[in-house]
């Protein structure tokens, strides 16, 4: 097993893991986007085709999937703003670690609020 | 200068002035072949990213969190939104910016992980083809959307047709 290089400031630390998270969430969002444009395009086929396929988004399992997707989007959004701050703000690189904790804090708060609202709507019936 | 002599990148081209401070053209990263493409791509990711945060958060709030949320989404919901040019433009901007942002992101990932030249080339060709199809399809759907579709003179059920 390769030994861990001593004294690294980046590898295995907050900077690297936020980069890994940004990549993974980015790819997930991109593939969903391809599917989402295709399903929305069914409005051009027929009203019933669209309403039938969009109905697939309304079952309880999909509600959890949507919550996971929104979690990926919100992390990518907040961490993206952090990356912009690292690049353009004079002290951005110095405070990149603190900013990651701010990102994660805001992400938790946003996701708790979203999950309560979306899951109660999606699972609560109507 | 002999061919084996290693020249400092900043030694410049001017004979007799080895420390002119100017970067030798062959070491410049904004060479003529690629232009400023990578820098512009980097800038685009940041600018489109900020706009996308607003567009996508707005999209999620209006479609999932307001009123009865996801249960309200059907053909009529889309027809209602696209009756307003504001939402047509919103969705068009979101489609183009998100697709270009995502395509450039995946391009970066392909460049990072696909080591063989031909693999990298073909993965990117597949990516660009898929992105072009989705962008063109989505744009056509937004602009040719018909709330009252008629096939062979018969109105399709579920449409929003003038009485």
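The chain as shown is numbered from 1 upward.
Backbone N, Cα and C atoms are what each Cβ position is placed from, and that goes for glycine too.
Curation plays no part in TrEMBL annotations; they are all automatic predictions.
Look at TrEMBL and you will find A:20-38 (among others) tagged as transmembrane segment. If one looks beyond the transmembrane segment (A:20-38) by at least 6 residues along the same chain, the residues whose Cβ comes under 8 Å of a Cβ in the stretch are 69, 72-73, 75-76, 79-80, 83.
Summarising the annotation, TrEMBL assigns transmembrane segment to A:69-89 (among others).
In the shown protein chains, 24 other C-beta atoms lie within 10 A of the C-beta of residue A:76 (heme binding site). In the three-state DSSP scheme, residue A:76 (heme binding site) is classed as helix. What TrEMBL lists as heme binding site is A:76.
What TrEMBL lists as transmembrane segment is A:101-120 (among others).
Sequence-distant contacts of the transmembrane segment (A:101-120) (same chain, at least 6 residues past either end, Cβ-Cβ under 8 Å): 18, 63-64, 66-67, 70-71, 74-75, 78-79, 81-82.
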